[in-house]
2 protein chains.
Amino acid sequence: MATTFELGDFVLQGGATLRGAQLTYETYGELAADKSNAIVYPTWYSGRHQDNEWLIGEGMALDPSRYFIIVPNMLGNGLSSSPSNTPPPYDRGRFPNVTMYDNVEAQYRLVTEHFGIERLPLVLGWSMGAGQTYQWAVSHPEMVERIAPFCGSSRCSYHNKVFLEGVKAALTADDAFQNGWYTSMPTKGLRAAARVYAGWGFSQAFYWDRLYERLGFSSLEDFLVGFWEGFFLDDRDPNNLLTMLWTWQNADVGRTPGFNGDTKAALASIKARAIVMPAEKDLYFPPEDEAWAVQHIPNAELRVIPGVWGHFAGNGINAEDTTFIDTALKELLAT
Amino acid sequence: MATTFELGDFVLQGGATLRGAQLTYETYGELAADKSNAIVYPTWYSGRHQDNEWLIGEGMALDPSRYFIIVPNMLGNGLSSSPSNTPPPYDRGRFPNVTMYDNVEAQYRLVTEHFGIERLPLVLGWSMGAGQTYQWAVSHPEMVERIAPFCGSSRCSYHNKVFLEGVKAALTADDAFQNGWYTSMPTKGLRAAARVYAGWGFSQAFYWDRLYERLGFSSLEDFLVGFWEGFFLDDRDPNNLLTMLWTWQNADVGRTPGFNGDTKAALASIKARAIVMPAEKDLYFPPEDEAWAVQHIPNAELRVIPGVWGHFAGNGINAEDTTFIDTALKELLAT
């Protein structure tokens, strides 16, 4: 059962105050008496804490018998403070913009104020979770010992922004969206956003090889409806999706206070040892971008996840990719 | 000035008859007395004949002082028979499905009946023009001596279909679309489709390098509005776009009568010498797909257009890519 940490009046980087802000999180394992065994593993775009559980388990790197794993829900995901659960006046179409920095500050307060933790052996995450991972290493370099961002980036690239513009435009093209003040779900827009996303989430080769059949879908159209439309219709509130999309599009560790937009300087300030794992055929977080990031981090290794699963290599649905990631995490934690 | 060829009652592969069908085309150069110098160069998705002119000129492979170049407008592009210009009952939302095969049959009638041409030294095209090129070589193997499909394919891949589903879903999410019976332009849907397309048309590296600035756009957003939205709002009728999109999604030379869906057998039947030119970073016609096609064509060479312009390497907006294509065409025509 997830728990909620009260953030109180939480001042966001953009200037708004989210009064009575909440950070909902789940933990796995026990915090050691000396508080030395905590790992932070933030969620991804529209993901919830339970969606991270595939990488946690006995015998895995994230072994709850050894580590205390904290999975904080991203602001906007519907469990932590979000357009869908915030009372007026900051509700729904008026929910303020939230940055990666804001997310990490909320998590930092949970980790330090609530748990009294001073060091983190590891921060890791997939996709936007990787973005939060980078942000942790920049916001709190003295605290984060290791990072493992996979299928994500330290800064949203221009191309990635454009991909997200397509998702956003499709979602909001539905008149029912009513600029965020919908009275019924804009399902046409949600379904359209799902179809746009479908082309990006998996690689060309994944589709060529019809690997959706391995996931239990009987045809291409069945995958588009059953997996993708189903995903977007699974209680994913449009304003929530747009809040997280804004966070994603505006992600840049260079916007951490003190760096004045200088992404390279922010990366250079990272003290954590890093294993950075893009997926070979990720269409919106391509390996080249992470090769660039690794060049600027003092102690980082690029380790590309091979294969055709694209962005979803980091989602736990392909055993080979999961093993690849878990192996890297074990190695990272051992050093 | 483009000319219109009257197709009369044109029976489509799907069974409908398009009465009073028209094929609008442009020609460049003079047809030789022995009719041996004709090249067919079909248009691309939503393109018009004049959009092909960048590859035609004195000193280029497609030299009008030497060749007679016919550029037929694809059915559905607004100049040849299309939803937007067909009278009831087959107008607008009721325009019938048109295949690549249908397009080539219409062009074949122009070339043979109107011009009396029996041999074509070359058929070529970009994107859906490449699809028509492949179709020419399969439909009329005895007639086509050479083909140069660039940034296109002989069969729409599953992934390519999914990309197009995103474009279609975004366009039709606009309530103003009214299932094709719009009374005012669904511009919100057109702009959304443009934003979806934007991520696919150029590569990740193109955006990373901000090459849109070289095209005269002052920012990423200026490129999205000025280039992409402007493109889709430039008299591109939604029903026309959806007609061509259907043609594209259902493209497969294996569906040529006689091949019974067997794409490989259709490719194997090609007698033309081929130089197949995918672009290195084309996101919806990746080089792997064309490597596959080339394996099945008896006399074909794969020649990948290097660089970061992605699909638009074949659109004439980057001089290096144009030179690459023109050089290959010269070589092909010389053998």
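Cβ atoms here come from the backbone N, Cα and C positions, even for glycine.
The active site, nucleophile annotation in TrEMBL covers B:S127. Secondary structure from DSSP puts B:S127 (active site, nucleophile) in coil. Just so you know, the Cβ of B:S127 (active site, nucleophile) picks up 26 other Cβ atoms within 10 Å once every protein chain is counted.
B:D282 (active site) falls within neither a helix nor a strand when secondary structure is assigned with DSSP, and so counts as coil. Residues or ranges marked as active site by TrEMBL: B:D282 (among others).
Around B:H311 (active site), the C-beta neighbours below 8 angstroms that are at least 6 residues distant in the chain are B:S127, B:C151, B:W200, B:G201, B:F202, B:A279, B:D282, B:L283, B:Y284, B:F285. What TrEMBL records for B:H311 (among others) is active site.
What TrEMBL records for B:61-313 is domain 'AB hydrolase-1'.
Mean pLDDT across the domain 'AB hydrolase-1' (B:61-313) comes to 98 in this model.
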